[in-house]
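Q: Pasting in a structure now, in C-alpha cells, and then I'll have a few things to ask.
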Amino acid sequence: MKTLLLTLVVVTIVCLDLGYTLKCNKLVPIASKTCPAGKNLCYKMFMMSDLTVPVKRGCIDVCPKSSLLVKYVCCNTDICN
C-alpha cells in the first residue's frame, strides 16, 4: 500500500507543473513562448506614430515606461499581449 501511494505521489509530481509558467505571444500573435523564470509580464511595444501595429512582443520582468517615440503595454496573464 505504501509503495502504491509513493508511486502515485511521484507520478503526480512529474506530471504537474509545480511552478506557474507564463506564456506570451511572440511578434506573430499565433506563436507563443513560455517565459523564463523571473520574466513575469507579457508586453507589446508600439511606435507612437502607428499604435495599431505592435513592433515587438514578448516576456519581460519590469514594464518599461513609454516615451515620446515608443509605447509599452504590459499584462500578466497567458497570451494577453
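One-based numbering along the chain as shown.
A Cβ is built for glycine as well, from the same backbone N, Cα and C atoms used for every other residue.
Copied straight from Swiss-Prot:
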- 1-21: signal peptide (SIGNAL)
- CYS24-CYS42: disulfide bond (DISULFID)
- CYS35-CYS59: disulfide bond (DISULFID)
- CYS63-CYS74: disulfide bond (DISULFID)
- CYS75-CYS80: disulfide bond (DISULFID)
Q: Since the record lists CYS24, CYS80 as disulfide-bonded residues, which of them has the fewest other Cβ atoms within 10 Å of its Cβ?
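A: Output over disulfide-bonded residues CYS24, CYS80: least Cβ neighbours within 10 Å is CYS80.
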Q: Which is it, of CYS35, CYS63, CYS75: the one of these disulfide-bonded residues whose Cβ has the most other Cβ atoms within 10 Å?
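A: Most Cβ neighbours within 10 Å: CYS35.
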Q: Among the disulfide-bonded residues CYS42, CYS63, CYS74, CYS75, CYS80, report those whose Cα falls within 10 Å of that of CYS35 (disulfide bond); none is a fine answer.
A: CYS42
Q: Can you check which residue among the disulfide-bonded residues CYS42, CYS59, CYS74 has the largest number of Cβ atoms within 10 Å of its own?
A: CYS42
Q: Round to a whole number and give the Cα-to-Cα distance in Å for the pair CYS74 (disulfide bond) and CYS59 (disulfide bond).
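A: Spelling it out, the Cα of CYS74 (disulfide bond) and the Cα of CYS59 (disulfide bond) are 9 Å apart.
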